[in-house]
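K.L.:
Pasting the feature list from TrEMBL:
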{"type": "BINDING", "residues": "B:194, B:225, B:247, B:334, B:474, B:479", "note": "substrate binding site"}
{"type": "ACT_SITE", "residues": "B:247", "note": "active site, nucleophile"}
């Protein structure tokens, strides 16, 4: 910004609330078996204490592992996205040894050289992975020695080459620091971060009832990153394109033994209800990637789609973790002071409900009103009315809109919590109790409920408000 | 905003530049003949010095007048939009006596009562109009005495009833203050304003060569308003819906004699290249309306589409005025510090070029980077790449992006002006000269040029940056 025109201006504003409590310390027992991890600083990020390179390896035999991923549908998909899709397809989801990730540079719009850099990361990490596996499982060969067995993720600024020498040296130095403690998981979660304010790591155990009647317990742990350029729309394939910016990234690990096709199917289902249902600023990134790695390291029976019960139990557990990781991205949205759930029901199709929820979640006017805690609900309707791509046209006389207090969003409403506030009922505005609206809108968690009145389908979306801090962060991202 | 959580925070920022010089004083001779106008304060807006009710009348015989309009395509089209469309259709564009406008309240999502209020405004204004015309043209009857001969426009907050008694009394008191001086035109332009910082009034003379070979001079004058909720997509018909907020409004007057069908055709063409090609915040309003009234009061031959030359001359003059009025809305965009032209060329279809320009013009990340004067061009490509609704898919290896200095946008480049800055050429990033980028981005007028490399079509869009001031204005609009 040219300094001659810059002034210090003072605003009365609500700063983003503290978010450090969202960084959780998890017990050793919550993490899946069969993984080694390390996060380190190699000098991509300026701050020396900030991890900017991470490696996640499974030490299981190749034939027990499976991997699945969803990638950005952006025409300018970045080099690491295209390379990872290539590795995954070439291996049909079997024997993927792990994921190497860097933050600070997105390796996007970097041309042919950028693609070579992404491949170099894959090979260097593959070498480290193969050696680590050979040393930890000397009695049985852990898999093939092909080095093109790693997925790669990058996030950061666009249009700039990776400092590839630093990264390759960093990867070669990783073996000494690999481990499986909660601190190792935490350090990799930190290696994903850019403008994020806390590492996003979650883990849980879940039970599966197998076809033979036995019930077994497994583990799922994952990390996500993202704060800006968040409006993912990911799919299992990548547009054929050459390469852009930063981004939703997530890696989820589990110790179930699951067929690659079933894993991809479970991820597609989970992603639609989690990462593809969040928006910070409406801008889709070139690097969005979610990877799931299954080590099969638990004493596990294989899960596949044919055994419906065990598959659905796994898929739902994966969806819950994905939803939690996706929602953490929104809670850490750039400048966010509010966590907003947009629930749309009463549409003829799921796609209509998703489209409406997405549109409202990206309206600058709705989001600034939420920041201002202003019950300007007319903006919600203007945004809804602007949609012309719905399968069934909106009938304004059937539309109802309410604000729902956060305490009722998980079904537990303490007796002193505010009541829901009906703003519009079948197209008729309701008298607005400003004190009631104010008590709802002053909460950090807000839910907007729209009933379209045309059918039985519904969808949910999660978004945040639009604050001064968002403008500050993005007005000068590169410096 | 709950006061307990509010703090005074100070930002280093560039405030919106002064815009008062955009309010022009125009000579008497620039205004079209055959119109009477008045703007007044009736108490809808809080400030007593602020006009909030305006009336524009043509005093010409009904058979010499014509009117055309385009309206928002929002499903929640406001009552005044639906009533105006009804009046215009019922009269087939002939004998429309004028336009009554109020600001401060949008009469949107106001149910059946809101529709009755809009009709009451039409009838009261029609009565005043008929009486004024009868008194000014006593020798020849000026048209029918039907009072449903006025169009109506409202802008302001949504979901609140109009203070209809104040408005009707105000309309009845208008006759004493009607006039045709530049001050009268200016006072009506002020009656359109909401968060606008200056009245947007422009006028020009233009020449038409008629089929008989004579060349005659006519006049066009118009006013527009708009600062937020600006992303119009207007059409000649209204969605069948019941009614919502604030808004792009414009009224353009001319003294040509033109057939209603030709006038509508010229307006459709002009609107696509002006009002439907601007965005402040990506939010489409429920009240967007552009009206053109032709008085036929000049000693004029009738223009119709059959006489191609005269029609095109008129259509192009109308387009130029519409473009100027639309661009003023962007210059006065809420919190705007930059006026940004997005030019897209090299697409297979005009629609593709328009869709791309519209998408880039609404990216929060592109707009905050422009506010920060940060050459973060990767965000432009991420935004481009997110489009999946194009007729021909983007080929990243054919895409080029440049910043063009404002001085070259009208073809006159002073020798000391900065050169264009090529950022991406056929998909390859170019070395970025930060000093050059900084000198271009520190200007108030910036042009982003995208060459898609697939065809011969092109489109232009105008937008502004996204500043702290936008958040301040919209964080608490209602209070």
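Our numbering is plain: 1 for the first residue shown, then up by one each step along the chain.
Note: Cβ is positioned from N, Cα and C throughout, glycine not excepted.
Remember, TrEMBL labels are computer predictions, not curated facts.
I'm curious about the neighbourhood of these features; can you describe it?
P.N.:
The Cβ of residue B:247 (substrate binding site) has B:106, B:155, B:194, B:225, B:226, B:229, B:285, B:286, B:287, B:288, B:289 as same-chain neighbours under 8 Å, each 6 or more residues away in sequence.
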K.L.:
Of these binding-site residues, B:194, B:225, B:247, B:334, which are close to chain A by the rule of a Cβ under 8 Å away?
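P.N.:
Checking chain A against the binding-site residues, no residue falls within range (Cβ-Cβ under 8 Å).
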K.L.:
For residue B:474 (substrate binding site), what is the secondary structure state per DSSP, taken as helix, strand or coil?
P.N.:
helix
K.L.:
With every protein chain in view, what's the tally of Cβ atoms within 10 Å of the Cβ of residue B:334 (substrate binding site), excluding that atom itself?
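P.N.:
If we count other Cβ atoms within 10 Å of residue B:334 (substrate binding site), we arrive at 29.
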